[in-house]
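J.: Mind having a look at this structure? Questions to follow.
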Amino acid sequence: MITHGFYARTRHKHKLKKTFIMLSAGLGLFFYVNQNSFANGENYFKLSSDSKLLTQNVAQDRLFYTLKTGETVSSISKSQGISLSVIWSLNKHLYSSESEMLKAAPGQQIILPLKKLSVEYGALPVLGSAPVVAAGGVAGHTNKMTKMSPDATQSNMTDDRALNYTAQQAASLGSQLQSRSLHGDYAKDTALGIAGNQASSQLQAWLQHYGTAEVNLQSGNNFDGSSLDFLLPFYDSEKMLAFGQVGARYIDSRFTANLGAGQRFFLPENMLGYNVFIDQDFSGDNTRLGIGGEYWRDYFKSSVNGYFRMSGWHESYNKKDYDERPANGFDIRFNGYLPSYPALGAKLMYEQYYGDNVALFNSDKLQSNPGAATVGVNYTPIPLVTMGIDYRHGTGYENDLLYSMQFRYQFDKPWSPQIEPQYVNELRTLSGSRYDLVQRNNNIILEYKKQDILSLNIPHDINGTEHSTQKIQLIVKSKYGLDRIVWDDSALRSQGGQIQHSGSQSAQDYQAILPAYVQGGSNIYKVTARAYDRNGNSSNNVQLTITVLSNGQVVDQVGVTDFTADKTSAKADGTEAITYTATVKKNGVTQANVPVSFNIVSGTATLGANSATTDANGKATVTLKSSTPGQVVVSAKTAEMTSALNASAVIFVEQTKASITEIKADKTTAVANGNDAVTYTVKVMKEGQPVHGHSVAFTTNFGMFNGKSQTQNATTGSDGRATITLTSSSAGKATVSATVSGGNDVKAPEVTFFDGLKIDNKVDILGKNVTGDLPNIWLQYGQFKLKVSGGNGTYSWHSENTNIATVDESGKVTLKGKGTAVINVTSGDKQTVSYTIKAPNYMIRVGNKASYANAMSFCGNLLPSSQTVLSNVYNSWGPANGYDHYRSMQSITAWITQTEADKISGVSTTYDLITQNPHKDVSLNAPNVYAVCVE
């Protein structure tokens, strides 16, 4: 049987030749291997009056016979010696009852059992006699059957008779060649006629045993939607059918071939079968295994299929920036027909596939583990034509509707039964559907995943001393090139740190400016980064951990996080000791049994040990003694640290002399304005007692003492303390030293002077890319950026009036309401300044699209009085879609209050805040105009 149909399909070409070579090779091999098995199938002949039928009901040997004038089923039964019960058993699907069969009129078809046919070879003409041309078109051949299969010939001819028959054919041809009465082409025609008749017989025998061939051709769109399928029996008996099925299809711009085999086992009233398929998508290089089962009865079919991928992830054939592979899944199918009205059929199917991004409906609608149920009806008015409609409803409310029409031409049957309604019933029976195609999804359902076209990785966290600048190591892989990296460093900025671009040409060259170390605080900050490529694709968010220390160290390994002395001074007698304690942690967790090495960085002293191991609390201790007066600095380091951590300096003093035992500053940063002073304090002791009225000499390498000079003396008070102040009018770093007569210099911790923090009065209007004064007419959600300088270079922002204006971490201000707002900025060195936003003369607020009347109501009759009002806003702020809130909009056409002339004409005027484009005489019910209010 060959069918032709059309379906709704779309879309590419290529690899067609490869596909058909594969099919041709498969079919050729199949025909070669199975050429003898075809000879034992069904045979179709026209019956002559002297043909004899043997009454053996064999499913493979059936005769489709059309009653002639004067013939009835009863007369055929008597003349051929076939019982009516046998004939009825073969015709139940054609007639509603035996009595109806007996009423069959001339021209109607019945099925008769066929085993052997009498063939009269004696009808051949004697050699040399005049030729007789039969209806078949072969001269001298009076065979009363127009078609004869090889098995019938073999069954009715002994070897001798077959040889005799062949000899007679040859003799007949020789006689005709000798006859002078024949014209020159007659011999050739005769030979070709004999050969053609035999070839037609062979071809018909092949065609009627092919089972089913289904062809669907779509003439448009490069034949997208076309398919070709064959079911080919290679072993066929009454109770079992073994078959192969091959197919190819070009659907959605993909060439897919299917190769399968299976068996069907026929019981008296039902059929059980199984099949195995390999599906190959040549376009996308996808391979899938299919395993299915079948259960059929008269008027009912069911099947279940499982689909299992045999190929893995690879670049998608037709979906950019995605990989694809076959999705695993299954489907269950049911088809039923009404016995009383077999032309009408119904279909029910459920399919389920598994994966995160499966294209069950199409590659633009990816779903997770999608399923779909299909219901359909079909109508077959005559065997030649079937029309159907299917509705499929799936996960996520996806659905589609498919209309189809098939034309089925069966080579094994005459034309008449294919266009008469009463023969539809046969298609619905087991015998009539014996060679039907396997019901399965021959298209490979695919699963997709987004390619890693852009990835961002930060392999190392950052650990550094306060106020240091640390380079961030970024690893970026981008298919289309890196455009930018967006950071969320709000936690870092809140303490005066920030992430900033280094200013190089590379888009991935960033550095971290660390804030001040907070004594007793966690000093650990989390920042995130996301990369964007030149096509707008974004990477995953990546987190960076920044740990700030009071001195240089690295702690993403096992490292010393804190190193302190139990006192600031001791006797330089070689006996009194200062005890240091080092705390070792990894990622904030104390570490036991870690060796810590100690070293004297500066000064003269002796360590109690060069190393120690941490206890259960992560603590390691060491003592320091000295017989030499002076200042000493000690460091601690683990094996995994790249630099040691220094403790604060300690002082060894000579007890019998007045000595400085302590020096400190009240802060480590100051404003370089000549006024912000750092106060230094020293303590002078002798024999364990404070020394009163003793002179202390101070020196500095930067700034001025008391605003006068870089050297200054101060006198101790009754508590033995002397103080002095240091200021600077320029930015820089200062180291102050102090000494007493006969003693050593003692250095204080380094102090940094920063320029004063200030905000420029000029702002950057972001949508217009200009710098100037803040306009006194506002566009709601307009944005500008404040420019700040001074401080330590790290800033945090805060708005005191967020209902009026908000500010982000970069100093970008967004206007939200009409009024006055104060924006504060604080630098990492704790300087704070403010910027006051003054209320505007008026503000423009954009509402929704509305008719003129509704717009007036929405705005409380406060529409713009003229186009000039909005033109001024445009001139001050630029196009509205230059700001985040309006970024996606292409037009904001706004109503203008009607003039008197407008009221008479029943129209109004508009102005567009994005394109300008002023209009007059606009209908008051225009659908795409916004209510824009003036506040």
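Cβ coordinates are placed from backbone N, Cα and C, and glycine is handled just like the others.
From Swiss-Prot, for reference:
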DISULFID  Cys859-Cys933  disulfide bond
DOMAIN    63-112  domain 'LysM'
DOMAIN    560-653  domain 'Big-1 1'
DOMAIN    790-834  domain 'BIG2'
REGION    40-153  region 'Peptidoglycan-binding'
REGION    40-153  region 'Sufficient for homodimerization'
REGION    40-212  region 'Required for periplasmic localization'
REGION    210-411  region 'Inverse autotransporter'
SITE      Ile892  site 'Implicated in intimin receptor Tir-binding'
SITE      Trp895  site 'Implicated in intimin receptor Tir-binding'
SITE      Thr899  site 'Implicated in intimin receptor Tir-binding'
SITE      Asp902  site 'Implicated in intimin receptor Tir-binding'
SITE      Val907  site 'Implicated in intimin receptor Tir-binding'
SITE      Thr910  site 'Implicated in intimin receptor Tir-binding'
SITE      Gln916  site 'Implicated in intimin receptor Tir-binding'
SITE      Asn928  site 'Implicated in intimin receptor Tir-binding'
SITE      Tyr930  site 'Implicated in intimin receptor Tir-binding'
SITE      Val934  site 'Implicated in intimin receptor Tir-binding'
J.: Sort out the residues at least 6 away from either end of the domain 'BIG2' (790-834), same chain, that have Cβ-Cβ distances under 8 Å to it, and list them.
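T.: Residues 467, 489-490, 492-498, 513, 515-516, 669-671, 752, 754-759, 763, 766, 778-784, 840, 842-843, 884-885, 935 contact the domain 'BIG2' (790-834) from elsewhere in the chain.
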J.: Provide the three-state secondary structure of Gln916 (site 'Implicated in intimin receptor Tir-binding') computed with DSSP.
T.: strand
J.: In three-state terms from DSSP, label Tyr930 (site 'Implicated in intimin receptor Tir-binding') for me.
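T.: Going by the DSSP assignment, Tyr930 (site 'Implicated in intimin receptor Tir-binding') falls within a strand, counted as strand.
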J.: If you count Cβ atoms within 10 Å of the Cβ of Cys859 (disulfide bond), leaving out that atom itself, what do you get?
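T.: The Cβ of Cys859 (disulfide bond) has 20 Cβ neighbours within 10 Å.
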J.: To the nearest Å, how far is the Cα of Asn928 (site 'Implicated in intimin receptor Tir-binding') from the Cα of Ile892 (site 'Implicated in intimin receptor Tir-binding')?
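T.: So the Cα of Ile892 (site 'Implicated in intimin receptor Tir-binding') lies 9 Å away from that of Asn928 (site 'Implicated in intimin receptor Tir-binding').
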J.: Take the Cβ of Asn928 (site 'Implicated in intimin receptor Tir-binding') and count every other Cβ within 10 Å, whichever protein chain it belongs to.
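T.: Excluding its own Cβ, Asn928 (site 'Implicated in intimin receptor Tir-binding') sees 9 Cβ atoms within 10 Å.
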J.: For a three-state summary based on DSSP, what are the helix, strand and coil counts in the domain 'BIG2' (790-834)?
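T.: For that range the per-state counts are 0 helix, 22 strand, 23 coil.
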J.: Find the shortest Cα-Cα separation between Gln916 (site 'Implicated in intimin receptor Tir-binding') and the recorded positions Trp895, Thr899, Cys933, Val934, and name the residue that gives it.
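T.: It is Trp895, whose Cα lies nearest.
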J.: If you measure C-alpha to C-alpha, which of Cys859, Thr899, Cys933, Val934 (recorded positions) come within 10 angstroms of Val907 (site 'Implicated in intimin receptor Tir-binding')?
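T.: If one measures from the Cα of Val907 (site 'Implicated in intimin receptor Tir-binding'), the recorded positions that come within 10 Å are Thr899.
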J.: Write down the Cα-Cα distance for Cys859 (disulfide bond) and Val934 (site 'Implicated in intimin receptor Tir-binding'), rounded and given in Å.
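T.: Cα-Cα distance, Val934 (site 'Implicated in intimin receptor Tir-binding') to Cys859 (disulfide bond): 8 Å.
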J.: Do you see any of the recorded positions Ile892, Thr910, Tyr930, Cys933 whose C-alpha is within 10 Å of Thr899 (site 'Implicated in intimin receptor Tir-binding'), and which ones?
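T.: None, since no candidate lies within 10 Å.
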J.: Over all shown protein chains, what is the count of other CB atoms within 10 A of the CB belonging to Val907 (site 'Implicated in intimin receptor Tir-binding')?
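T.: Taking all protein chains shown, Val907 (site 'Implicated in intimin receptor Tir-binding') has 18 Cβ neighbours within 10 Å.
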J.: Given the recorded positions Ile892, Trp895, Tyr930, Cys933, state which is nearest to Asp902 (site 'Implicated in intimin receptor Tir-binding') when distance is taken between Cα atoms.
T.: Trp895
J.: By DSSP, what is the split of the domain 'Big-1 1' (560-653) into helix, strand and coil residues?
T.: 0 helix, 54 strand, 40 coil
J.: Quick one: pull the CA-CA distance for Thr910 (site 'Implicated in intimin receptor Tir-binding') versus Trp895 (site 'Implicated in intimin receptor Tir-binding'), whole Å only.
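T.: Spelling it out, the Cα of Thr910 (site 'Implicated in intimin receptor Tir-binding') and the Cα of Trp895 (site 'Implicated in intimin receptor Tir-binding') are 5 Å apart.
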J.: Given the recorded positions Cys859, Tyr930, Cys933, which lie within 10 A of Ile892 (site 'Implicated in intimin receptor Tir-binding') by CA-CA distance?
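T.: Near Ile892 (site 'Implicated in intimin receptor Tir-binding'), where near means Cα within 10 Å, the recorded positions are Tyr930.
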J.: Can you tell which of the recorded positions (Trp895, Asp902, Gln916, Cys933) has the fewest other C-beta atoms within 10 angstroms of its C-beta?
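T.: Across Trp895, Asp902, Gln916, Cys933, these recorded positions, the one with fewest Cβ atoms within 10 Å is Gln916.
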